[in-house]
Amino acid sequence: MGTPPFAASILEAIHQSKHELVAVVTAVDKPAGRGRSLKASAVKETALQLGVPVLQPEKLKNPDFLKELESYQADVFVVVAFRMLPEQVWKMPAKGTFNLHASLLPQYRGAAPINWAIVNGETESGLSTFFIDEKIDTGAVILQKKMPIGPNENAGSLHDRMMIEGQGLVLETLDLIETDQAKAESQALEGPLKDAPKIFKEDLKVEVNRPAQEIHNLVRGMSPFPAAWANLSVPGFEGTCKILETALTDRKSNAQAGSLIREGKRLFMATDSEDLELLSLQVQGKKRLKALDFLNGQEIDTESRFY
């Protein structure tokens with residue numbers, strides 16, 4: 001059960017393993033693109049390529065869906081990046097239902113664990129498989145795998161690494177469940193918990209009067225999508241601009257926080273601490289540009305700034 005490419009990757013791994021894949025449950029096709037034509041999820045596209053039956057219920061409590069799901073007589077359900085399941089679904093298989101989550105539970109329960117771990121400056125995260133219960137991401141943990149986060153790694157990079165590592169963790173979990181060797185343990189609630197809620201536009205806004213490290217973490221954590229942003233004021237343009245890549249520096253100017261400073265072929269933004277180098281930007285309505293390309297077509301004066 002899943003929807004995005006992350007889940008499709010796990011689907012392929014299960015299909016190629018010794019385990020029998022009897023069916024796939026995914027989201028209904030949704031309008032996408034300028035033409036708003038219906039588009040299938042990555043999981044559906046992969047399942048069709050593999051010749052696996054696909055179920056696309058609008059409501060997970062629909063009696064017809066539940067009857068069809070039960071008819072497959074699956075021993076276990078595997079969930080990756082899907083919606084919350086009703087009890088009659090996750091209790092259906094004899095050996096339970098487990099989920100792959102992109103954090104070391106109980107930390108970063110919620111919809112966006114990869115993003116928030118980086119935004120909060122974590123140097124380590126990981127993956128967890130756990131049996132689903134009544135609440136979100138609270139079930140007994142089966143396996144975990146720790147993964148380092150690089151100082152300049154962004155969410156896209158960590159996502160892709162976790163997608164690969166997740167394949168092995170899911171297969172290992174299936175092996176344990178198949179042989180009744182899965183020793184699930186209740187989540188250890190030690191110290192304050194950090195959540196990973198759904199991301200909203202206000203979460204992406206760069207506050208320029210914050211320290212450089214904090215801004216750098218926000219940019220990394222939201223890159224390449226949905227992307228951190230700020231208001232930009234430069235000669236000939238006033239509007240929003242996505243900040244897609246930055247680099248920490250030892251450089252510190254006396255300029256007001258948010259001020260843009262050009263130094264040769266490089267572009268910096270003053271912050272509450274050291275200056276932050278801007279490496280990649282996307283001005284509203286324009287394509288993504290490296291800082292040098294941006295500078296080639298844009299004048300930077302003493303009034304230029306992010307705010």
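In case you wondered, yes, glycine gets a Cβ from its N, Cα and C as well.
What TrEMBL says about this one:
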- Ser103, Leu104, Leu105, Pro106: (6S)-5,6,7,8-tetrahydrofolate binding site (BINDING)
- 2-167: domain 'Formyl transferase N-terminal' (DOMAIN)
- 198-298: domain 'Formyl transferase C-terminal' (DOMAIN)
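Locations of recorded TrEMBL features on the structure.
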residue : record                                     : Cβ contacts under 8 Å, 6 or more apart
Ser103  : (6S)-5,6,7,8-tetrahydrofolate binding site : Arg109, Pro113, Ile114, Ala117, Ser125, Gly126, Leu127, Ser128, Ala196
Leu104  : (6S)-5,6,7,8-tetrahydrofolate binding site : Glu124, Ser125, Gly126, Leu127, Ser128, Gln144, Lys146
Leu105  : (6S)-5,6,7,8-tetrahydrofolate binding site : Ser128, Phe130, Asp137, Val141, Gln144, Gln187
Pro106  : (6S)-5,6,7,8-tetrahydrofolate binding site : Asp137, Thr138, Gln187, Ala188, Leu189, Leu193
Message: When secondary structure is assigned with DSSP, how many helix, strand and coil residues does the domain 'Formyl transferase C-terminal' (198-298) contain?
response: 20 helix, 39 strand, 42 coil
Statement: Same-chain neighbours of the (6S)-5,6,7,8-tetrahydrofolate site, Cβ within 8 Å of the mean position of the Cβ atoms of Ser103, Leu104, Leu105, Pro106 and not counting those residues, run in sequence order as His101, Gln107, Tyr108, Arg109, Pro113, Gly126, Ser128, Asp137, Val141, Gln144, Gln187
